Amino acid sequence: MKSYFYDNESDVISLDYLKEHNVLYFPMDREKENYKEPLETLCKERGYKNRDEVKLSKETPGLEDKLKIFFEEHLHDDEEIRFILDGCGFFDIRDKNDKWVKIKEKKGDLIIVPANMYHRFALDESRNIHAMRLFTDAPKWVPINRY
């Protein structure tokens, strides 16, 4: 995981800065099966009872339309939890000063974006991601667009 201000990739942001904004990061070792126990512990501690998986690639029908929806600035009533099983993508979040922070997630990264935080999502140039989504209740994804 790497985070930086949207317009300056060399201005790296610390995990502490993300924590100040209630964005949480958990590295998971996807190269081994070792990630399963810490993942289950996290789910139990935070009350994540449900999950599903999403795969997007260049071959996904309607990919560009889906990506347009994900890239619209929005928030959710619930946390947005993503565990990247393969591929790479970017969460852009708004910090307390309304500045965009870009968070690059890759295989093995788990991020929790808090409820009611404006954000958006994009794929990297490979256009490939396989992510596990975690939920406290039934799996749902309801965006509340900013504009």
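Placement of Cβ uses the backbone N, Cα and C atoms for every residue, glycine included.
According to Swiss-Prot, the protein carries these features:
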- His74, His76, Glu80, His119: Ni(2+) binding site (BINDING)
- His74, His76, Glu80, His119: Fe(2+) binding site (BINDING)
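Here the features listed in Swiss-Prot are painted onto the structure.
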residue: His74; record: Ni(2+) binding site; DSSP (3 states): strand
residue: Glu80; record: Ni(2+) binding site; DSSP (3 states): strand
residue: His119; record: Ni(2+) binding site; DSSP (3 states): strand
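Within its own chain, His119 (Ni(2+) binding site) has Glu73, His74, Leu75, Glu80, Phe91, Asp92, Ile93, Arg94, Val113 as residues 6 or more apart in sequence whose C-beta sits under 8 angstroms from its own. Cβ neighbour count for His74 (Ni(2+) binding site): 19 (other Cβ atoms within 10 Å of its Cβ, all protein chains included). Cβ neighbours within 10 Å of His76 (Ni(2+) binding site), excluding its own Cβ and spanning all shown chains: 17. Residues His74, His76, Glu80, His119 make up the record's Ni(2+) site, and a Cβ search at 8 Å around their centroid adds Leu75, Val113, Met117, Tyr118, Arg120, Pro143, Ile144 from the same chain.
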